[in-house]
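Please read the structure below before turning to the comments.
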Amino acid sequence: MIKNYSICFISFFFLFFFSMMNFFFMIYFIMENLVLFLEWEIISFNSMNIVMSIILDWMSLLFMMFVLMISSSVIYYSKSYMSSEMNLNRFIILVLLFVFSMILLIISPNMISIFLGWDGLGLVSYCLVIYYQNIKSYNAGMLTALSNRIGDVMILMVISWMMNYGSWNYIFYLNFMNNDYSMKIIGILVIIAAMTKSAQIPFSSWLPAAMAAPTPVSALVHSSTLVTAGVYLLIRFNMLLIDMFFFKLLLLLSGLTMFMAGASANYEFDLKKIIALSTLSQLGLMMSILSMGLPELAFFHLLTHAMFKALLFMCAGVIIHMMNDNQDIRYMGGISLYIPMTSLCMNISNLALCGIPFLAGFYSKDLILEMVSMSNLNMLIFFLYYFSTGLTMFYTIRLLMYLMINDYNLFSIYNLYDEDYVMLKSMFLLLFMSLVTGSFLMWMIFNYPYMIYLPFNMKMMVIYVSLMGLFMGYLISNMKIYSLNKFLMTYNLSNFLSLMWFMPNLSTYGLNFYVLNYSQNLMKNIDMGWMELYSGQGMFNIIKNYSIFYYLYQMNNFKIYLFSFILWMMIFYFMLLI
């Protein structure tokens, strides 16, 4: 008897199977130090041939393994989370389309196929953000699509600049075209493209807005895969960019992004937006360590972060479901009494995010911060790194206080049901991964150990800022409404910090205000003003007035009317004679 398997189960099985396959291939590739460059000739016609090229090395295989594993968990999770959805198949197919676009981006050494994957990501992301159709989702989707469109245009410009080299396989030109003028321009364009996709300042506002999507989408797309596409592209282009001035500018911007997101997350009350801002903060960390010339560390953090952040979003989804689709953390509290398993996953992924020792986040984050301490960069960058790490601890403890420790605030009579086992099974897979990924990757992907030699206080600096953040988060969460003003700040300053440095306003209303205002004045004064007077309406008025004048004559003065009639006849007669 043929069983009627659901699309969720089939998708989960295939994605998980391919993930494991990639894992074993990746181990083999690392052991043998292999890189496979495959060319598949699609069409060959006379001297013209169209070739699809694929690059398989340990990096692309490992990233593919992580993308496939997270997407398989998310699809299994959606089976329960989206169970009341009428068009579940459409949703799953959109998610699968997203995964295939991502894989195309990961395995292509060619700018054209990278562009196909890149654009596919943007398009499917737009479709998923506007999945629940209301005005908020529509605005968020447009902001997402148009912000990413800037990056798409940059990639198109890279394609046109690479016409100079006769091929779009950028992988061949990275090493020996370093000082070429065209390659410098290509580098700048790639950096801007990566900044739009990975939501760095000034393009940050789309990432929290994209939280209008369903929670499984946030877990897969806006935490672990889509937003890291920009980082991945920069890791691939790293050889070219390493000595560019623009890369140093990226270091400053991504450090500021990290700081801005950490500060804004402390003011936010929307559960999904807090997690989105923490994603933004971690992206800033990846981009900044990348622009200091350590791509392996950025890749390491990218992978560990993907695991616990996807898990964090899944826990948030369960909590939102249980809270009657309410996302405000002020209404939540004491949930560890009612949903212990979900709270366990939530706490562990939160602690991994903070960099608590021996969880996934610790290995990558601690290594990054120690490499920063060893580097010879200035005080500002050092401050941004460490202060942002303290802020991470800060907003995480605040979130834990609101969710786990405070009292439940939604209804006076409530019945919180126990968890859904389909969701729990998919979450436990990621929970296991966010426990072991850090150490497992640390032993596996670094082909030489990083030698770190620091004074005791510098070595302990991470623990100092974490404890400071923990203490501050506890204090702020315990503050009553009548306490001294939060952070001892003025209202304007706290407004500035809570609204992401006014970036959402600047990138939506700020961009189009002058244009719309100018076009309104143009319409009012030209189209409906002088143009009317001098063309259609004006001509009509003149003819109308003349005809009224003639009408009065022919009604009131019969003699003049007849005379004018004879006059007209005479004019007509003379014209005929001529």
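From the backbone N, Cα and C atoms, a Cβ is placed for every residue, glycine too.
Predicted automatically and left uncurated, TrEMBL annotations should be read as such.
Sequence-distant contacts of the transmembrane segment (7-30), counting only residues of its own chain at least 6 positions beyond either end whose CB sits under 8 Å from a CB of the stretch, comprise 36, 56-58, 61-62, 64-66, 68-69, 71-73, 75-76, 78-79, 88-89, 92-93, 95-96, 99, 444-445. What TrEMBL records for 7-30 (among others) is transmembrane segment.
The transmembrane segment annotation in TrEMBL covers 88-107 (among others). Tertiary neighbourhood of the transmembrane segment (88-107): same-chain residues 7-8, 11, 15, 54-56, 60, 63-64, 67-68, 71, 74-75, 78, 82, 113-114, 116-118, 120-121, 124-125, 127-128, 131, 214, 216-217, 220-221, 225-226, 229, 232-233, selected by CB-CB distance under 8 Å and a gap of 6+ residues from either end.
The annotation domain 'NADH:quinone oxidoreductase/Mrp antiporter transmembrane' is assigned in TrEMBL to 108-390.
Only residues 6 or more beyond the boundaries of the transmembrane segment (153-173), in the same chain, are considered here, and those with a CB under 8 A from a CB of the stretch are 37, 53, 55, 109-112, 114-115, 118, 182-183, 185-186, 189-190, 192-193, 196, 236-237, 240. Residues or ranges marked as transmembrane segment by TrEMBL: 153-173 (among others).
According to TrEMBL, the feature transmembrane segment maps to 185-207 (among others). Sequence-distant neighbours of the transmembrane segment (185-207) (same chain, 6+ residues past either end, Cβ-Cβ under 8 Å): 118, 121, 140, 143-144, 147-148, 150-152, 154-155, 157-158, 161-162, 170, 222, 226-231, 233-234, 237, 240-241, 244, 246-247, 250, 253-254, 256-257, 260-261, 276-277, 279-280, 283-284, 286-287, 500-501, 503-504, 506-508.
Marked as transmembrane segment by TrEMBL: 219-239 (among others).
What TrEMBL lists as transmembrane segment is 245-267 (among others). Packing against the transmembrane segment (245-267) from elsewhere in the chain are residues 187-188, 191, 195, 199-201, 204, 274, 277-278, 280-288, 291-292, 377, 380-381, 384-385, 387-388, 391-392, 394-395, 398, 476, 494, 497-501, 503: each is 6 or more residues past its ends and has a CB under 8 Å from a CB in it.
Annotated transmembrane segment per TrEMBL: 306-323 (among others), in sequence order.
Taken from TrEMBL, the feature transmembrane segment applies to 335-363 (among others).
Residues or ranges marked as transmembrane segment in TrEMBL: 383-405 (among others).
Look at TrEMBL and you will find 395-575 tagged as domain 'NADH dehydrogenase subunit 5 C-terminal'.
The transmembrane segment annotation in TrEMBL covers 426-446 (among others).
According to TrEMBL, the feature transmembrane segment maps to 496-514 (among others).
Below 8 angstroms of C-beta separation, residues 560-561, 564 of the same chain, each at least six residues beyond the ends of the transmembrane segment (534-553), sit close to that stretch. Here TrEMBL flags 534-553 (among others) as transmembrane segment.
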